[in-house]
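According to TrEMBL, the domain 'UBP-type' annotation covers 156-266. Among the features that TrEMBL reports, Zn(2+) binding site is placed at 180, 183, 200, 213. According to TrEMBL, the domain 'USP' annotation covers 308-799. Feature annotation from TrEMBL assigns active site, nucleophile to 317. If you look up TrEMBL, you'll see 615-656, 674-714 marked as domain 'UBA'. Residues or ranges marked as active site, proton acceptor in TrEMBL: 761.
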């Protein structure tokens, strides 16, 4: 006790706002349930596992710790199984995980001699008792940062419902016998609540569903709300009301009144149709969902190093799938596992290692690759199925998610996110923390150069270069290799529809496109309209081709499965991609200006075009804004792609969302002030490209020192492009960008299930030890039938010559 009293100055009583970690070690994934329990530093309130608490004592000198050990209680045999009534976790009525109950025991431990004192005890100093009480009663920082519950997005009240115009046109809707007024469809029917017209719903890509008559009626009339007939019953809350201008299912609080206007007595109606949400859920339990997750397969579970699952924190599968793929690469395994011990990362971390990305990446790497947390755990199921099954605990990447999302407002939420956007954000953050030691930067192994060649009608050419981490590919559906099967499927579908029958899931035929055709599409000539030619001093049409100036160690291919359908509504292409396990992209290499080519002249300071104010195309901007993008960002995208179209502008947006100057105001006109060439040469001698040097000097008022700082503060600035003015005579080679041959093997891929990147589920498949392995959150096992043709992101590893 005297030892404790002599160290009372190192004990603090936490304030209500103090961040207290008591659920997980900040260096490992040890918890109070672990064999050694958890030690909470009673000075800085960080938590450490048994093997790591000594490191904290060495670093801080803090000797007093609260040891927390949780022991599993014996469950009652007759513990009832609660059926969920709410799509939620952690809320009354939500899913009951039947989590076991634990008994918690506290002790006071004093280092370095591991002197232990029981708690509670009246003999303990009051300061210690108060500190322990505060810690035990406090909500852990881990849980404050990671919401304890999530629910499916709730439908909102439509802004069009309250003042909805309803025409007095004498329409009376009968209780049965409905049919689309423009075709013979008798199912999937929608009643427009303004004029009472009954029309069929949207057509799916495969021809199922309706014939788009209801949505086309909205486009013609602007009448906003429709209710799905067959979902209207005495329980109006279950009715499916859709708002076309809001493009989502909504609540109509005056639905009873709106139905009565057309003589509908909803109290006697029976449900005959699925709602939009029910249909989406039904589609999610279909052939593709089962195939991607390999549901129904007798999957052999895998354990040990490299086979650790990531527990879903609530819509975090995009993170789990992406990180499993990243840590299948040698570059990330070396940087954060084999070449960086946990102790080294902790010793160089700031006072709070939970906010240090280097520390949390090292923690994640050791958690995934050490095998410590990938061991079989026997678990007894609930009484519905009393069999004994094997599974692994996996790890919960809470601290990593918190720190990687700190600079991104979307990834810090509990909503589903796009795995592509997360990959780019993650790579950007890794590049930033390794900027001082670029030779050790693992993100560099993904980096490659893209060169675009533009030839205007004068015959002269311009070259534009940028660096990227992903090769984004269009999917040319017109190149489908199964056109005959698709035609036969359309015929079968028509016959079934005529007979009032539906197709089964395994009868549906989807377009199948080869990956080679997607790669060829990237390099194919493309017209660029309204291109300003410095040779003609006028706007003209140019021909653009693209290729790569270097081949990375790891090539990430992004399949553009999300396109814009009529009305600029984002839609997912339901298509299969034939992906071989080896590819050769050697033919895609570009080598800059070729013999006999003449470059477009540089823009002269007095060029009339230079003073023309650059304006973004209003139609392009409006279409992008309607998809939810920021107005300023949309204007920049249109300007930076020379108003060449919505698709090109969207590509620019996706590649530049994290630019440090993305929110900076747009300059009024293209300015090209005279820059001292000697200062440009100075920066070029430092290893920077001339274009980047000029941009930096312009941004810093011609000051070389400030320009250098600007470049380092804006690492993504080198990716910016200006297709109108950039010219170059050769293929600049960045010595820090890897390069090699063009032959690759497929290492892994991320698949997506769902109608958009903001919903659904992500799963990773990775080649390990000569076999395919499925990583479905915390479920890891041998993949018997990897869905190679259903990937969203593909990771290829370069084969050494």
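Glycine too: its Cβ is placed from the backbone N, Cα and C atoms.
Report note: the Zn(2+) site is defined by 180, 183, 200, 213, and the residues of the same chain whose CB lies within 8 Å of the CB centroid of those residues, excluding them, are 181, 182, 184, 185, 189, 199, 210, 211, 214. Annotated pair residue 183 (Zn(2+) binding site) and the residue listed as 'active site, proton acceptor', C-alpha to C-alpha distance, rounded: 36 Å. Working note on the binding-site residues 180, 200: by count of other C-beta atoms within 10 Å of each C-beta, 200 ranks first. Residues in the domain 'UBA' (615-656) partition by DSSP class (helix H, G, I; strand E, B; coil) as 30 helix, 0 strand, 12 coil. For the domain 'UBP-type' (156-266), the mean pLDDT of the prediction comes to 90.
Taking Cβ-Cβ distances under 8 Å and a sequence gap of 6 or more within the same chain, the neighbours of residue 213 (Zn(2+) binding site) are 180, 181, 182, 183, 185, 199, 200. On a Cα basis, residue 317 (active site, nucleophile) lies 6 Å away from the residue listed as 'active site, proton acceptor'. Counting neighbouring Cβ atoms within 10 Å of each of the recorded positions (183, 317), the lowest count belongs to 183. In the structure as shown, the Cβ atom of the residue listed as 'active site, proton acceptor' sits within 10 Å of 20 other Cβ atoms.
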